[in-house]
Amino acid sequence: MSAPLLEIRDVSTFYGAVEALKGVSLTVAPGEIVTLIGANGAGKSTLLMTICGDPRARAGRVIFDGQDITEQPTHRIVRGGIAQSPEGRRVFPRMSVHENLLMGAQSSGINPAPGLEQVFTLFPRLKEREAQRAGTLSGGEQQMLAIARALMAQPRLLLLDEPSLGLAPLVSRQIFQAIRRLNAETGLTVLLVEQNANQALRLAHRGYVLVTGRITLSGTGRELLARPEVRDAYLGGH
Amino acid sequence: MRPAGTRHLPFGAALRDAGLAALIAAGLFLPMVGLRTDVDPNGALYLRTRWTDVLLLMAIVFAGRFLMRLWQEWKAGRQGPSLGKRFAGPLSRSGRLAAPALLLFAVLLPAIPGIGRYELDLGILVLTYVMLGWGLNIVVGLAGLLDLGYVAFYAVGAYSYALLAQNFGLSFWVCLPLAGILAAFWGVLLGFPVLRLRGDYLAIVTLGFGEIIRLVLLNWVSLTGGPNGIAGIPRPTFFGLSFSLGGGPGTFAGFFGLEPSPTHRVVFLYYLILALALLTNWVTLRLRRQPLGRAWEAMREDEIACRSLGINITVTKLTAFALGAMFGGFAGAFFATRQAFISPESFTFIESAIILAIVVLGGLGSQLGVAIAALVLIGGFEVFRDLQEWRMLVFGGAMVLIMIWKPRGLVGSRTPSVALGERRTISAAMVAEGRG
Ligand SMILES: Nc1ncnc2c1ncn2[C@@H]1O[C@H](COP(=O)(O)OP(=O)(O)OP(=O)(O)O)[C@@H](O)[C@H]1O
Ligand SMILES: [Mg+2]
């Protein structure tokens, strides 16, 4: 197996005295789609945020591309090639779609033109709505924008927090297809957090199950789909 | 009111609504107006009641609310449901003409016949507040940081100029940038401790900061003269030519062979503040189109999203504070040179409140809106000077009316900083080039 692009080693994160992550370890290899599933409050979002250094891990190491980034300031981490589409989309509502996209490219200081072209081929819908205020987009369009905005930084690792949240099945399938396409065509590495375990495990090469701050299971997507405890807890009798 | 015969108006609902408003008014005015302590001829305190005044005020509130409701319903029924949209449309369209028209008016004002010293002084006052409003707009309107102590930077600028000019004999043109830099420095100093604060907490700390600066100025008597202030601050010169009335060769009038007149200086000050205000506007408009300005706006919209995109929040906040403070400092230096006398009394909280009111009424973030709001508020203050103690009532009433009429401020819609029409044609041209 090649050297991992992202390695998380025994990471613990606290909110005050509450330990939200209790020694989590996982790896993501270059070109992989890895999904993280778990119940509400398991600590999935916390893990993605910890990778970006906000909140910071109190114990353990986060290693990206061979470099220890645990203590780096958030903007340095993002500049280093990790982009996140945060939970709940968080587009800038009063700014236009175009301006939102520019914000994505801003911190890395790269020329936005190639990124714009890339995200508009991926999501032609955004091209049509380029001048529209992001706050007036539909939920699905906002999700597309949130992913596109993260892609504008031309990251090597994309962190997606619940991209299918609140979307109709058809739209969420479109989003998953876009992720698959990105991964296949550009070799982008993706760490995907999902409630929709069925779709996520079908899409991902590998997956981890997080239960109250601890990884309890891991394996290929197909393996996890076949595990009875996964079926019972996350697939709702599929 | 138009007779309501043509359309059914919900009188019942309006009556109920107006009754409720009158009750609220009663709750407020019963203790505030109804009861009053007075001193009787023997020097003893006694409680005087003024129930008729309370009833009168309640009646006014009732009638006002009732008419307002009917008017709203009538408008909505006549023009379709969306009241806000109807107002936003024409104003933003006429906005394209309003800005150049206002600018032209401002530039030509001293040349308009019948404009005398009084009008020019008023113009200078309005423009000072326009500049302060535009400066604060960077902090509050663009970056979304609620700052209740903006007057502190105005004070820092004014005192910087006064002290530098008096103690070191530096000219206005040397002191002006120094005053701006010093104010920006204090802006950064304020920025550091409040980096993690947002909303109301930030407002409280900035409010305290403004008071601290004022109290320091008031109590550091050896440097600032304390409550006596600083008098005899040097007046500005026109490229080294003074505006004194002697008419000698070193004066403005003498050099240009004009009849010495006090109006020369007023006109000069007028154009000076106009230029400073336009500089503020120009810098703001330029920055809005650049990464820094975009980051300010994005931070106002969603700070967490900004973090996740790798925007350096510390730098973004501090630059907003520093830049806003710098323009406040410029305005302060201008104020000092214009008045020739400053004291802590000019820099009380009410100034911060007025500047903030201008920004909010102007529609947070809109440059044109801020200019109009400054004109309406400061000009209005002046026009209603004869009303004396009723002035504040008229002022408050006007604010309420504006907020009813345009809840998002006078110019409430935000125009994108990137014009897509242009960009599209450019990119189309580039594509054509690449293929050809
Ligand atoms: N800012 C915070 N302050 C305090 N506690 C927090 C904070 N954010 C999250 N938590 C707590 O940490 C735990 C993990 O939360 P997290 O948001 O990571 O869960 P999650 O797995 O993403 O859940 P969901 O699927 O509902 O999004 C929860 O118990 C939550 O209450
Ligand atoms: Mg979550």
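Cβ atoms are placed via backbone N, Cα and C, with glycine included.
In TrEMBL, annotation is done automatically, which means it is predicted and not curated.
The feature transmembrane segment is assigned by TrEMBL to B:20-39, B:51-71, B:97-115, B:172-195, B:201-225, B:237-256, B:268-288, B:309-334, B:354-378, B:390-407.
The transmembrane segment (B:172-195) makes contact with the transmembrane segment (B:201-225): 3 or more of their CB pairs lie within 8 A, with pairs spaced 6 or more apart in sequence.
Away from its own ends, the transmembrane segment (B:390-407) comes close to residues 68, 84, 87, 357, 361, 363, 376-377, 380-381, 384 of its chain (Cβ-Cβ under 8 Å, at least six residues beyond either end). Counting Cβ pairs closer than 8 Å to the transmembrane segment (B:51-71), the top stretch among B:20-39, B:201-225, B:268-288, B:354-378 is B:20-39.
Here the transmembrane segment (B:354-378) has long-range neighbours at 95, 98-99, 102, 122, 125-126, 129-130, 132-134, 136-137, 140-142, 147-148, 150-151, 281, 284-285, 297, 395, 398-399, 402-403, 406, 408-414, meaning same-chain residues at least 6 beyond its ends whose C-beta is under 8 angstroms from one of its own. Long-range Cβ contacts of the transmembrane segment (B:309-334) within its own chain (Cβ-Cβ under 8 Å, at least 6 residues beyond either end) map to 128, 131-132, 134-139, 142-143, 145, 147, 150-151, 153-161, 172, 175-176, 179-188, 190-192, 195, 269, 272-273, 276, 279-280, 283, 287, 292, 295-296, 298-299, 303.
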